[in-house]
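**Student:** Sharing the record's features from Swiss-Prot:
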COMPBIAS  335-353  compositional bias 'Basic and acidic residues'
DISULFID  Cys157-Cys171  disulfide bond
CARBOHYD  Asn41  N-linked glycosylation site
CARBOHYD  Asn55  N-linked glycosylation site
CARBOHYD  Asn99  N-linked glycosylation site
CARBOHYD  Asn170  N-linked glycosylation site
REGION    328-360  region 'Disordered'
SIGNAL    1-25  signal peptide
TOPO_DOM  26-233  topological domain 'Extracellular'
TOPO_DOM  255-265  topological domain 'Cytoplasmic'
TOPO_DOM  287-298  topological domain 'Extracellular'
TOPO_DOM  320-368  topological domain 'Cytoplasmic'
TOPO_DOM  390-412  topological domain 'Extracellular'
TRANSMEM  234-254  transmembrane segment
TRANSMEM  266-286  transmembrane segment
TRANSMEM  299-319  transmembrane segment
TRANSMEM  369-389  transmembrane segment
Amino acid sequence: MMALWSLLHLTFLGFSITLLLVHGQGFQGTAAIWPSLFNVNLSKKVQESIQIPNNGSAPLLVDVRVFVSNVFNVDILRYTMSSMLLLRLSWLDTRLAWNTSAHPRHAITLPWESLWTPRLTILEALWVDWRDQSPQARVDQDGHVKLNLALATETNCNFELLHFPRDHSNCSLSFYALSNTAMELEFQAHVVNEIVSVKREYVVYDLKTQVPPQQLVPCFQVTLRLKNTALKSIIALLVPAEALLLADVCGGLLPLRAIERIGYKVTLLLSYLVLHSSLVQALPSSSSCNPLLIYYFTILLLLLFLSTIETVLLAGLLARGNLGAKSGPSPAPRGEQREHGNPGPHPAEEPSRGVKGSQRSWPETADRIFFLVYVVGVLCTQFVFAGIWMWAACKSDAAPGEAAPHGRRPRL
């Protein structure tokens, strides 16, 4: 009781804040109680009031309700996300209770510097912006304290990269009270999803809280489950690669004798080399569990390279064979054949020449076989990649800090 009045006196002089009642009544009779501020024991009582309340052998239980109002600026390349939260903390401090029969006030508000409040630190935060620099705590007549803290923060997130850009990730926010021990303080956390806007690439589809066990420092953890719903990434990454692969397959329909085929294939390969560099740069990377698209784009590059090499080799062999046929001994003139009594080719030989001319050379036959095998290989690649995408899973190695609770030495 005396600690409460000491806080009230300090509030009037040090902070110049008017105490408000639930029903809107102002504090009266201040002139009569001001002389007590010069009491010698005042500083001791004030110091006692800003210490953690004693709950006997049990730790003080602080109920925390986390209201998530927005998640934005999710950057998977930087492994960061921004969020806006409202923390509603409540606990019991019997030192602040008063008798309503003597002092008919149901509730008062106090600046949080004048009483004990849990000092929270977000472990994953790069920066934290507390929206209210001087929040007010509401104290009920029975000593229940309620404090609302609004904040915006940017935190690190361990994104799931394997299935990017259709990834599902769990991002955690760990709140620690570093000025207290687990024997003094305990959190009971709840989370509420108040996000009303879904026009984001990443959508929060689930929230959960937990209190990690075996911690020397009291803490609670809020986990946000994010789902990537962006269609832009799929169009920007997959459509150009698939279009070039389809164009390469269609290029196999050109005859091997066509001069344009080699230029067509080489142009596609060079175009995909430039595209491959930009595609890989647009994908996130990690020491483990890299996106499957990195391997997929590399396989497409190998397919285009193999197709181009096949065209160049077989076209070169075909041109060399034609050049050898042209440089062979030329047949004797028709006049000389008649002089030697050779009446010329038999009429039955003419159809045989036509049949022989319609037959394909072995490079062209090999090209047709390669084309069929290449088409089958491309289709199999698509189906195999789809199966791997659906059933593949990858678990990264545990970080060194996750091998032991906070404040302990890692296990060897």
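Cβ atoms are placed via backbone N, Cα and C, with glycine included.
Are these features on the surface or tucked inside, and what touches them?
**Tutor:** The Cβ of Cys171 (disulfide bond) has 23 neighbouring Cβ atoms from other residues within 10 Å, across all protein chains displayed.
Here Asn55 (N-linked glycosylation site) comes close to Leu61: these same-chain residues lie at least six apart in sequence, with C-beta atoms under 8 angstroms from its C-beta.
Note on Asn99 (N-linked glycosylation site): other Cβ atoms within 10 Å of its Cβ, all shown chains, come to 9.
Long-range Cβ neighbours of Asn170 (N-linked glycosylation site) (same chain, at least 6 residues apart, Cβ-Cβ under 8 Å): Asn158, Glu160, Thr223, Leu224, Arg225, Leu226.
When the topological domain 'Cytoplasmic' (255-265) is classified with DSSP, helix, strand and coil residues number 6 helix, 0 strand, 5 coil.
Beyond the topological domain 'Extracellular' (287-298), the same-chain residues lying 6 or more positions past its ends with a Cβ under 8 Å from any Cβ of the stretch are 160-165, 237-238, 241, 276, 279-280, 385, 388-389, 392, 394-397.
Residues 76-77, 79, 159, 161, 164, 236-237, 240-241, 244, 247-248, 251, 293-294, 297-298, 300-301, 304-305, 308, 396 of the same chain, all 6+ positions outside the transmembrane segment (266-286), place their C-beta atoms under 8 angstroms from a C-beta of that stretch.
Distant neighbours of the transmembrane segment (299-319): 241, 244-245, 248, 251-252, 256-257, 261-262, 265-266, 268-269, 272-273, 276, 361, 363-364, 366-367, 370, 374, 377-378, 381, 385; these residues of the same chain sit at least 6 beyond its ends, with a Cβ under 8 Å from one of its Cβ atoms.
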**Student:** Going along the chain, which residues at least six beyond the ends of the topological domain 'Cytoplasmic' (255-265) come within the CB cut-off of under 8 Å?
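**Tutor:** For the topological domain 'Cytoplasmic' (255-265), the far contacts come to 248, 307-308, 311-312, 314-315, 318, 363-364, 367.
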**Student:** Identify, in sequence order, the residues in the chain of Cys157 (disulfide bond) that are 6 or more apart from it along the sequence and have a CB within less than 8 Å of its CB; answer 'none' if there are none.
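**Tutor:** Val74, Tyr79, Thr80, Met81, Glu124, Ser169, Cys171, Ser172, Leu226 - these are the non-local Cβ neighbours of Cys157 (disulfide bond), listed in sequence order.
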